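Single-structure report; data block below.
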Amino acid sequence: QTTLTVANWLPPSHPLVSELIVPMTEQIEEATGGTVVANILPAPLGPPPAHFDFAVNGVADITFGVQGYNAGRFKTTNIAELPFLGDSAEAISVAYWRIFEAMLKDAGEYDDVKVLAVFTHGPGEIFLKEGDVASADVMQGQKIRVGGGIVHEVASALGAVPVEGPSSKAYELLSQGVADGILFPYESVSFFKLIPQLSDAISVPGGLYNTSFYIVMNKGKWESLTPEQQEQIDSVTGEALARMAGQMWDNADAAGLAAMEGEIEVVTATDAQMEAWKAALQPVVDAKIAEAAETGVDAQAAYDMLKAEIAKETGGE
Amino acid sequence: MSARRFDLRTLLALMAGVLMVTLMGMTVVDVIGRYVFNAPLRGAAELTELLLASVIFLGLPAVALADEHVTVDLVTDRLPDWIQPWRQGLIGIFSGAILAVVAWRIWIYAAQIGGYGGATTTLRLPLAPLGYFCAACTAFGAALSLGVPLWDLYRRRKG
Amino acid sequence: MEHWPVGLAIVGVLLLLGVPISMALAGVGLAGVAAIIGWTPALSLLGSTFFDTGRDYSLSVLPLFLMMGNFVVQSGIASELYNSAYAWLRHRKGGLATATVIACGAFSSVCGSSMATAATMTRIALPSMRKFGYPDQLSTAAIAAGGTLGILIPPSVILVFYGIMTQQDIGKLFLAGLIPGVIGIIGYSIAVRISIAWQGIDLPVEPKLPLLDRIRALKGTAGALILFAFVMGGIYLGVFTPTESAGMGAGGALLLVVLSGRFSFGGLVAVLYDTMKTTAMMFFILFGALTFTNYVNMSGMTRDIQAFLALFGDTPMVTILVILVIYLLLGCVLESLSMIMLTVPVFYPIVAAQGIDLIWFGIFVVMVTEISYITPPVGMNAFVLRSVVPDVRLGTIFRGLGPFVMMDVVRVALLTAVPGLVLLLT
Ligand code: NA
Ligand code: NA
């Protein structure tokens with residue numbers, strides 16, 4: 001019997017752990033007939049950005065995380081994080097996995113590990129303490145808490161003043177009134193306990209951005225498994241795992257939205273807002289695709305294929 | 001030795017001064033920029049992180065130089081006097097070895113980060129040079145942690 | 001059971017032999033991790049632990065508050081503040097120690113970290129208390145214990161962390177921390193009296209000053225009050241966050257140094273060198289502690305504790321008592337945040353199933369794990385004091401802390417017997 005150690009930097013109650021990582025380990029155990037089991041570590045081994053290298057260096061056998069935490073390392077991630085891709089994390093995640101298999105993995109960014117899945121979070125929306133939510137200028141001058149990466153650029157492009165801080169500091173920034181709002185998916189607003197701090201939300205059709213995630217395995221550990229075990233694990237990871245991840249985020253977003261009932265007024269962005277924001281964000285989209293193309297993959301083709309696959313997934317339901 | 005210690009201290013003190021004033025000044029500029037001019041300092045949070053690491057690791061040689069690693073002195077105070085320099089020497093070897101390993105591993109880690117172009121999120125400042133700096137400071141701290149107690153032991157033996 | 005108890009024992013022995021705390025923890029942690037996953041990955045984890053933790057934004061408050069403390073001393077504000085306090089309290093035995101505990105509580109309302117509270121207050125309070133003849137044993141203990149209030153009185157990094165981990169309302173947790181924080185101040189004030197009565201501490205008592213002289217003495221508190229109002233006001237008006245308040249406070253204190261006419265380039269560099277040295281001492285202890293925590297994390301301690309707790313059935317009182325004992329024992333070697341990360345994920349579903357309120361449990365956990373900061377051999381706040389004032393013996397500090405730890409246990413017992421005291425404001 002082989003035991004895979006899973007590094008975990010999130011509280012065990014987080015849906016990414018309880019609804020994805022735990023079921024994944026159960027499915028691996030089941031598929032391999034109990035010959036491969038997992039041990040999820042109770043406490044983090046280090047900060048979230050360190051986790052990709054934990055898998056590379058064999059500190060843990062399986063790790064998961066956000067590519068954006070390692071700036072400069074992953075450029076193909078950009079394509080899946082662009083604005084207005086879609087409302088369903090499941091559709092985006094499945095489409096993302098397909099373009100990863102077909103094109104993105106050729107960039108070589110994941111050559112040091114065995115990739116079990118890449119997927120995205122549900123769409124990022126706008127949350128504010130106050131403001132004229134129907135105006136196209138609603139973001140103008142608002143201090144918006146951002147992490148790094150595309151969210152910073154999206155907030156700037158919409159005229160907001162970006163206030164930087166890790167997501168664990170979001171509560172402090174909003175409750176002290178240092179930030180006026182945040183760009184987040186519904187799930188994260190609820191998870192980080194921010195609902196009491198906010199009053200308005202603008203649901204942006206297609207989402208303002210997505211966040212890309214990975215689940216990877218140490219290469220040596222993977223190669224130590226029998227070809228049969230590898231095949232069994234492949235049967236429950238890859239696209240199947242990306243789909244389960246997307247569904248998990250969609251459910252978490254639905255629960256987050258339900259928790260806002262009566263606390264945050266959620267409106268849908270108007271046509272005028274969407275027109276203005278699409279124009280404002282086009283330069284960000286172009287720059288991100290150009291950055292992804294630096295890796296040598298045909299980024300525009302990958303972007304087009306991503307959108308086509310999302311449409312296929314969404315239409316197929 | 002004492003003259004050299006002094007020179008080194010002056011150098012470290014000046015570097016510390018620059019780093020710490022920048023660390024403090026950045027928060028002040030960021031807050032004033034954000035509150036008064038609606039224009040925060042771009043990348044302030046990550047610059048703070050880089051400076052924090054620089055201050056910590058640059059401080060290690062200063063600690064070792066003064067032989068001020070924090071220890072539990074509940075029992076050791078009661079040991080006879082003649083044993084102390086020997087005990088200090090052994091501990092210097094232990095600490096020097098651990099710090100040397102740490103320096104080596106930070107160096108390797110920095111090389112790994114440099115290999116894939118690891119950078120800060122907003123300003124895209126490369127992280128590897130900071131890693132090499134921290135590794136060098138730790139190596140220096142290792143040498144001093146080993147050297148200072150052994151030098152004291154040597155001097156006492158000579159009388 | 002795995003080999004983690006052996007690791008704990010080896011750390012204990014190395015510490016007693018006088019090996020630096022940071023090096024003992026890092027060495028045993030590294031060897032322990034290597035025994036579990038092999039040397040190559042263990043060594044790479046070591047590099048990551050030191051380099052990645054050294055860049056943690058929220059930890060930047062430590063050097064900045066320390067710098068603020070140093071500037072406050074240099075500007076003369078600290079001694080003026082203590083002169084005024086002495087004028088009001090000189091007829092009361094141990095009055096300054098009590099005042100220091102209260103000042104720690106006040107500082108906690110702008111600072112979210114125990115170590116930062118202890119470090120800053122050491123700089124500000126210790127020299128003055130020495131000047132007025134207070135023995136180190138009492139004054140260091142008052143500061144180290146007072147520092148543990150930093151995490152209970154909002155803002156508090158650990159309560160935010162607990163709230164997210166267990167999905168509890170953070171605002172409610174902050175409110176719940178207030179009364180236990182005030183009880184803590186009262187308890188520590190009693191501890192000051194106990195110290196004086198039991199440990200035979202001889203303190204100067206002078207006749208009470210006339211009211212007019214005491215009022216005149218208040219003049220000296222202006223600088224400190226302005227700085228405190230500036231930091232407090234900045235946070236509560238939303239101009240800056242508690243994390244940023246450290247940098248703003250340091251900047252404000254430097255301004256006061258300049259205004260007091262005591263500024264000199266040499267003095268500035270000396271203060272900053274000292275700050276850097278102390279920062280390095282504290283962070284290397286933290287790195288060592290995290291390396292050791294990684295070992296404990298991988299070694300299956302959490303599973304063993306879970307199994308141990310299950311032996312005691314499902315009586316809430318018994319469960320809480322067992323958890324208290326576990327924390328007191330672990331607290332000898334581990335620090336608060338490590339213990340919370342390792343144990344709360346397994347404890348909170350168990351206590352919730354027994355009908356224990358999770359807001360109450362959060363305050364309980366914070367109070368109990370904070371005791372670890374002031375118990376030997378690994379007591380972070382005592383180490384902080386040692387690194388700020390290296391000429392004090394650790395034994396002196398821990399001896400002085402006895403009555404304070406006792407009052408902490410009394411406080412935990414009180415809040416367990418009367419949970420309403422925690423939940424009253426929520
Ligand atoms: Na506090
Ligand atoms: Na302790």
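Any Cβ shown, glycine's included, is placed from N, Cα and C.
Automatic prediction, not curation, is the source of TrEMBL annotations.
Remember, predicted model here, so these are calculated numbers, not experimental data.
As recorded in TrEMBL:
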type	residues	note
DOMAIN	C:9-421	domain 'TRAP C4-dicarboxylate transport system permease DctM subunit'
TRANSMEM	C:59-82	transmembrane segment
TRANSMEM	C:94-118	transmembrane segment
TRANSMEM	C:138-161	transmembrane segment
TRANSMEM	C:173-201	transmembrane segment
TRANSMEM	C:221-240	transmembrane segment
TRANSMEM	C:252-273	transmembrane segment
TRANSMEM	C:279-296	transmembrane segment
TRANSMEM	C:308-330	transmembrane segment
TRANSMEM	C:404-425	transmembrane segment
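Stretch with the most C-beta contacts under 8 angstroms to the transmembrane segment (C:138-161), considering only C:94-118, C:221-240, C:308-330: C:94-118. Within the model, the domain 'TRAP C4-dicarboxylate transport system permease DctM subunit' (C:9-421) carries an average pLDDT of 84. A Cβ distance under 8 Å defines the sequence-distant neighbours of the transmembrane segment (C:59-82), meaning residues of its chain 6+ beyond its ends; these are 53, 96, 111-113, 115-117, 119-125, 127-129, 131-132, 220-221, 223-224, 227, 242-243, 246-247, 249-250, 252-254, 256-257, 259-260, 262, 267, 271-272, 274-276, 278-279, 282-283, 286, 388.
Highest Cβ pair count under 8 Å relative to the transmembrane segment (C:404-425), across stretches C:173-201, C:221-240, C:252-273, C:308-330: C:173-201.
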